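Trainee: Next up is a structure, given as structure tokens.
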């Protein structure tokens, strides 16, 4: 989620949170009225309950927009909502509907132009046939009269056709411009409504709906909707208008013949309807697979370092392949359905022509119809039938749009449907109660017999009949084992969930009756894993302040600085180049964990809440920062109700009330003193096993260590300052001056050969260059890929059949011209029956022509089936394989690629769908349509030249007009495609970011501002596309009117050729149909220009990604070499060395993180790395794991440079446990097995998984779960507590029995009992292996063989814990601040 980095502009002119543009408000009001039976037109607030999920109020009063996270049941309890194609237009405003109505009129007018042209074709045909009859009769007077009629008719009618062409240009241009504009606005309205709807979902909904799913729906699904209601819908209206007008013309000229041909259109529509209905099911399956795969992809990109650490890129890539495999089957099934449908369509059309010519001949023979009129009727039916065929070809677009709408709008409509239950009464009660608590309430909280189980696991209660009173204005600490329900209490207090039974009361008022926004506005929250947004530090802190838009910029700045000082963040912020205006990046990745935590604390403190919830608020801080921040929190806790969740009992020493939770409820409760002196008390036992051995040190100012490591660039590294403490009188700055980094030359020199470190091999972040042959090259690669099957054969068969279908059209032209000339002997102007023997000859020839048409109809039916089926299957295989290849290639790229702000996990997951969807337009059925059109043009031109080269060349010479217009439009569409993606990439990322941080968004009532900014960004994106829309519409109009202009030219010049004897009526009509309508097919090629533009763009981008991945792999293979470990078991001993390493993060090239760092860690030893937040500790681990490559220097394992060769060769001997545990959706056992060296987690023996679980002390947790290791984890493992997730992550690391174990605060999230057990397990498993632990809590490194103290990217102290403590230097100061002695 992105907000304005500098919010001062808004402060000068405060805006209401709910302000929107009129179109959006009207559209959302309209769809709300259409979906709700309530007659109350006033804005409605929502309240969550235990049984329903409130719907979003998408527009509001003058004060605010009310949107909440629901607390009710999941979607299973919501009513099913049917979504049709026309449901999409509920999200159009009245103004947009009126504009669409105008555009519809223009499309109807454009569609009527071609059938009206047939009136004049029939008139000219009568004159031409009359001239032919006169020539055959030899009557000079008749010849002169017919000659004069030819000239007179072609001059007047050609001019009329010219006027029709000009009118069609303006009509086509206007309808395309109108629908391009309104489709963009409606799509924006749907995106806005969808995000608003997600904000009203119960929190358990997001356990299954990840950011990848949101990206797929907003990016891909809404794009499908926009295509359906944009360019495709007005063209469908135009084709339908063509059909209706053509039918009217046909009936006007011969109702008998038209009546016989009348069933053709219903049969076409019936075939199309059945095909569309059957295809929709296939598309729904495909979209569902893509959404699930997108969620998995987003998960993988978010945890890319975990995947690389355990070399599981291939495993996740194969799983992604499996998740998307069903798209191939769905595509094949859709291909068979479409093949049968299109074959039936062509059979109906050509068999209809056979019937028309056969029955028309009977009417002519009886004198009931003139040959010229039959030409008008047949041409009109020809135009109408092919209009229906073109309309038929768009059914897929409308089917996909409807399927996408069912997915997106269905989600919105479910919430609207479930918001009708007594909302007025609930609103009234809620508002009254909130007013009673608005002034002077005590903030006492009571949990009364609360029973709760998460909706995803209803059989496993977390809280069982819990009764607890939390007194007002005191500090209550909740401690206990991981999974005992501590964090669940916080979720219930914020109304993320509702108790299954019992109640939670605030001053004796059930919180379910309170305005949820008001309630959350009274609470300040600091989470264990802080969430920051891609905005400035100041803007992030401001988010915690209610009514911030009503305050001046000066007041806001003052409050932000005060809050930052309280949170011990002011010094490091002011040291940054841009200070408080520094952008923190997506999810705050530009800051260290401790820096993010302090900003989160400042965000909570700035609102001066009545209730303060602290969930391990200092877990990510170093010892000095923790001491100061803890003192600040103790001060902030005064005169407010504060609840602390903590595993570190030293942080709850000053709590007034301590509650010890167990699996079955409260074990004991009391003050710290009371509980600590209980002889057999649980708390006393926990306290005895904590390593806090001395009293805490009082700190009155900030012991900050600030440097440039893993954080933003500093203007300078400030001298560290600390006030006098009880035991420390010297300053840290003095210590920093007295402690010098060790001489690198004195470090241990590892055995083995030394290798020069290569330059950094990170992937360049420059925009990919366009490949001029992108689509062709990509197809060549995929055709050779064995995973795509017999792709070449499918394309050959599909293209050959498409070419045959295209060649049928000129054959039809020959048959048509022959049949028309055969009518010439019976061309009577007085309506007399045709005399013999001309009648017998005409009927005989007609039977041959009609039979030929029927044979063509049967052949087309079979050939078109194979044409469509083959290309559908080929397109599905190509898009599936491309999606998998791009995903696997992205996983191969360096970690630095994913640090780039433009390569967020949401954008990358969304791009997989966008690229595959784009490529489908050039490799699926569209490719067959283009081959078909080209065959029609080539064969048609050849036939025309054979029948009359003079007329053919003149008409063919006009073809460049069509081609030029199409090419220009192609270029504009390519530019539009690029601009559209660029414009909406930011909005998609914002939506995904807000959903990924849904708890934070909800806790701080950020939904109104999120929606306001999102809606503004959507408007800006739409506005930037308008010029491109205009250019494209003008060129589209030109391409559409060319047909009429060329037809006018053909009649004018053809008439003269006929009059001068250079051609016959048969030759004229053969040339007319072959060339003029061949030119139309040439124009139709460019109707697919948008599809090919998207395909070409997608191919170029895909090739760029594949090329980058190939280069990374090739470089690794080129530098790879056999490694011979100098040990008995042929395994590395585990010696780690960094030699003169200098490193800067690729995204911060001006900031030195490690400055010529040298250190050596002996094999089999336990080495701890400590230091202030951002001193470079975690960076050392990431270099050892080869996530990054040093700028200079070497990183060695047993003397071998790990920066050379395949990183997996070295990583298989290492295990990595990050500070913030990352789990995947899947079973607990699968997550643990992911760390094994086996290629497939499914192949890991159960005993091995169980052994790793025992080492990580997971036995009790697994025993409490009905399914044990088979328990399914949701996305990111959100139903597990932080400690439980961390233990699973430790088990994942231990299962591979590593030679080098890397721990980044591995036990920071554990409760005391779990920490003690896991620490003991880590101590045991560290025997015989090299263990490197980054730690803030010095009690966890008491058994370390060696401690390295880092500052500003250098080693400042080194030795055993006891040696460093006795040295009374920086380490000793850190230990005393934590109350630890060695």
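Glycine is treated like the rest: Cβ placed from N, Cα and C.
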Trainee: Transmembrane segment per Swiss-Prot: which of the ranges 133-153, 196-216, 259-279 is that?
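Mentor: In Swiss-Prot, residues 259-279 carry the label transmembrane segment.
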Trainee: Looking at 1020, 1087, which residue has the N-linked glycosylation site feature per Swiss-Prot?
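Mentor: Checking Swiss-Prot against 1020, 1087, the N-linked glycosylation site entry points to 1020.
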Trainee: Looking at the candidate ranges 890-910, 911-931, 974-994, 995-1015, report the one that Swiss-Prot labels transmembrane segment.
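Mentor: In Swiss-Prot, residues 911-931 carry the label transmembrane segment.
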Trainee: Among 764-784, 827-847, 848-868, where does Swiss-Prot put the label transmembrane segment?
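Mentor: That would be 848-868, the stretch labelled transmembrane segment in Swiss-Prot.
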Trainee: For the record in Swiss-Prot, which of the ranges 737-757, 800-820, 1094-1114 is the transmembrane segment one?
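Mentor: Range annotated as transmembrane segment by Swiss-Prot: 800-820.
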Trainee: Under a three-state reduction of DSSP output, how is residue 1175 (ATP binding site) classified: helix, strand, or coil?
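Mentor: The three-state answer is coil.
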Trainee: Using Cβ distances below 8 Å and needing 3 or more such pairs, separated by at least 6 in sequence, tell me whether the transmembrane segment (374-394) contacts the transmembrane segment (259-279).
Mentor: yes
Trainee: Distance check, please: Cα of residue 484 (ATP binding site) against Cα of residue 903 (N-linked glycosylation site), rounded to an integer number of angstrom.
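Mentor: Residue 484 (ATP binding site) and residue 903 (N-linked glycosylation site) have their Cα atoms 38 Å apart.
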Trainee: Using a Cβ distance cut-off of under 8 Å, indicate which of 159-179, 233-253, 259-279, 339-359, 911-931 has the most pairs with the transmembrane segment (1034-1054).
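Mentor: Against the transmembrane segment (1034-1054), the leading stretch is 159-179.
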Trainee: Report, as numbers and ranges, every residue of the chain located at least six residues beyond the transmembrane segment (911-931) whose Cβ falls under 8 Å of a Cβ in that stretch; write 'none' if there are none.
Mentor: 215-216, 219-220, 223-224, 290, 293-294, 297, 338, 393, 396, 775, 778-779, 795, 798-799, 801-803, 806, 867-868, 871-872, 874-876, 878-880, 882-883, 886-887, 977, 981, 1084-1085, 1088, 1090-1092, 1094-1099, 1101-1102
Trainee: Rounded to the nearest angstrom, how far is the Cα of residue 680 (N-linked glycosylation site) from the Cα of residue 480 (ATP binding site)?
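Mentor: Each residue's Cα considered, residue 480 (ATP binding site) and residue 680 (N-linked glycosylation site) end up 16 Å apart.
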Trainee: Using all protein chains in view, find how many other C-beta atoms are within 10 Å of the C-beta of residue 680 (N-linked glycosylation site).
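Mentor: If we count other Cβ atoms within 10 Å of residue 680 (N-linked glycosylation site), we arrive at 6.
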Trainee: What is the interatomic distance between the Cα atoms of residue 1177 (ATP binding site) and residue 903 (N-linked glycosylation site), given in whole Å?
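Mentor: Each residue's Cα considered, residue 1177 (ATP binding site) and residue 903 (N-linked glycosylation site) end up 25 Å apart.
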Trainee: Which of these glycosylation sites is closest to residue 1171 (ATP binding site) if you go by CA atoms: 397, 680, 903, 1020?
Mentor: 903
Trainee: Please report the distance from the Cα of residue 397 (N-linked glycosylation site) to the Cα of residue 903 (N-linked glycosylation site), rounded to the nearest angstrom.
Mentor: 30
Trainee: Report, in whole Å, the straight Cα-to-Cα distance of residue 1175 (ATP binding site) from residue 1020 (N-linked glycosylation site).
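Mentor: Taking the Cα atoms only, residue 1020 (N-linked glycosylation site) lies 41 Å from residue 1175 (ATP binding site).
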Trainee: Sequence-remote contacts (6 or more beyond its ends) of the transmembrane segment (259-279), Cβ cut-off under 8 Å?
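Mentor: Beyond its ends, the transmembrane segment (259-279) has Cβ neighbours at 243, 247, 250-251, 334, 337-338, 340-341, 344-345, 348-349, 352, 355-356, 359, 377, 381, 384-385, 388-389, 391-392, 395-396, 398-399.
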Trainee: Averaged over the domain 'ABC transporter 1' (445-688), what pLDDT does the prediction give?
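Mentor: The average pLDDT of the model in the domain 'ABC transporter 1' (445-688) works out to 83.
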